[in-house]
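Here's what TrEMBL has on this protein:
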type	residues	note
TRANSMEM	57-80	transmembrane segment
TRANSMEM	101-123	transmembrane segment
TRANSMEM	143-162	transmembrane segment
TRANSMEM	174-197	transmembrane segment
TRANSMEM	203-227	transmembrane segment
TRANSMEM	248-270	transmembrane segment
TRANSMEM	282-307	transmembrane segment
TRANSMEM	327-348	transmembrane segment
TRANSMEM	368-388	transmembrane segment
TRANSMEM	395-415	transmembrane segment
TRANSMEM	421-445	transmembrane segment
Amino acid sequence: MRHWIRVLWPAGPMAGGGARSALATVGLTAAVGWSARIVAAAAQLIAVRLLIQTLSAPGYGIFAVIIGLLNWFALADLGFGAGLQNFISAQRVAGNSALHAIRSTCILLLLLLVMFVLLWTGVSHWVGPLLLHDLRQVTASQAATIFLGFAIVATGAGLASVGLKICFAEHRGYIAHMLTLASTLTGVAAIQLLRFIPMDQRITWALVLYQGPLWLLPAGYLVHHVWKTRRDQPWLKFAEIRATLHAIWLSARVFLLFGILGALVLNIDYVLLAQAVKAEDIAVYAVFARIFALIFFVFSAVTQAYWPVMAELFAKGDHVSLNSSIFKCLGFGLVVIVGGSILFYFGIDIVKLILFTKNDIILPRHYIILFAVYWMIRVWTDTFATVIQSGGKTAILCAAVAVQAVVNFIFSYIGAIKYGITGLMVGTSIAFVVTVAWMLPLYVWRYMINSRQMEISL
């Protein structure tokens with residue numbers, strides 16, 4: 001038990017009360033993240049049931065296809081969220097304020113919001129029907145409206161998420177988790193309004209009502225953060241804002257590239273399934289994906305909290321503590337996935353009873369094994385990806401994920417077309433194993449070995 005407590009409150013050779021205090025916030029952030037996610041998990045399961053009841057299983061399948069694009073729209077910040085987070089961490093190590101960087105980024109976010117709203121308005125009439133043309137429950141006009149409504153809200157959420165990254169960089173990630181929880185609960189409560197909306201508009205409004213709070217609440221926090229510090233520093237001139245954004249862009253562009261490549265790997269599943277299986281089957285896949293994503297968050301809450309700490313360990317060159325953090329995260333993540341999978345396996349009938357009102361919906365148990373294997377691989381790769389990103393050493397990450405994106409599309413497409421959901425999961429898992437599962441850890445360990453050799457030679 002003591003070992004797992006240390007996963008949350010890691011001990012290391014870092015000197016100084018400030019450093020130890022910063023590390024202690026990892027435990028608070030992860031603990032709040034878990035508590036918030038437990039409540040959010042229950043709320044999201046309620047949301048799935050409400051959506052299936054309100055939209056029907058095929059309607060929920062369409063909802064799942066569109067909301068499966070969420071991570072694509074998270075790229076709307078062009079990587080400035082992650083870039084700003086690392087910039088703030090570097091300024092903290094140097095003892096400098098990063099307020100000028102936060103203000104400059106907020107100005108950019110407003111410009112990006114206007115640009116993307118105009119873009120989605122112009123392309124929605126053909127993107128929507130293209131995505132949903134094999135799902136015959138909606139017309140081309142409805143598909144365009146569905147895409148436009150979701151695109152605007154999801155873009156806003158992607159831009160506003162910069163506020164959450166600021167929280168993590170300032171070692172106040174617990175605020176980010178509480179904002180996310182409040183957004184989720186508000187979105188679930190808003191679903192109740194669907195009963196007053198005509199059936200042909202419900203999918204659009206379901207997406208807007210469910211995702212809208214993920215835009216509005218973080219955006220409100222970001223505005224509050226800027227407003228309360230308005231007198232702490234003088235506002236920068238245009239040339240200074242441009243120079244600041246350029247400094248952040250040097251790392252943001254790498255995160256943007258990595259995000260695009262990551263989306264090509266992780267967020268083409270619903271698009272492929274929309275061309276291969278029925279909407280009802282997509283609804284079943286969405287249930288499994290949702291439950292395992294909730295299980296995985298118990299692990300990712302730790303890695304999110306570790307990101308700024310790892311960034312500071314990289315800056316200090318403390319590879320001993322960094323290596324210890326890696327093994328703690330890996331062990332904890334595997335326990336979480338295996339334990340969650342076992343509980344799901346024996347409780348699958350209860351899940352079906354809770355979520356579905358019809359008895360003709362089948363939740364195959366062998367899907368649990370497929371998803372468990374996939375998410376255990378993700379624990380391994382995501383841990384090393386977090387280490388690499390926190391240190392800003394993302395060139396190898398982009399190269400590895402670029403190869404993986406090509407391999408993943410080939411295996412996932414063939415698997416989905418020939419064998420449906422089973423083929424998709426097997427193909428995706430194979431793509432991870434033959435690429436990033438060995439490339440990323442090899443790079444991290446070589447980097448540590450080379451760094452130690454350089455220290456010895458000096």
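The backbone N, Cα and C atoms fix where each Cβ goes, glycine too.
Distant neighbours of the transmembrane segment (101-123): 76-78, 80, 84, 87-88, 91, 147-148, 151-152, 155-156, 159-160, 162, 166, 222, 225-226, 235-236, 240-241, 244-245, 247-248; these residues of the same chain sit at least 6 beyond its ends, with a Cβ under 8 Å from one of its Cβ atoms. Note on the transmembrane segment (327-348): residues 3-4, 6-7, 10, 291-292, 295-296, 298-299, 302-303, 306, 363, 365, 368-369, 371-372, 375-376, 379-380, 382-383, 386 of its chain, located 6 or more positions outside it, place their CB under 8 angstroms from a CB of the stretch.
The recorded stretches the transmembrane segment (248-270) and the transmembrane segment (57-80) share 3+ CB pairs below 8 A when only pairs 6 or more apart in sequence are counted, and are therefore in contact. A Cβ distance under 8 Å defines the sequence-distant neighbours of the transmembrane segment (143-162), meaning residues of its chain 6+ beyond its ends; these are 62, 66-67, 69-70, 73-77, 80-81, 84, 105-106, 109, 112-113, 116-117, 120-121, 124-129, 131-133, 201, 203-205, 207-208, 211-212, 214-216, 218-219, 222. Residues 265, 269, 272-273, 276-277, 281, 284-285, 326, 366-367, 370-371, 373-374, 377-378, 380-381, 384-385, 387-388, 393, 396-397, 400-401, 403-404, 407-408, 410-415 of the same chain sit 6 or more residues outside the transmembrane segment (421-445) yet have a Cβ under 8 Å from a Cβ within it.
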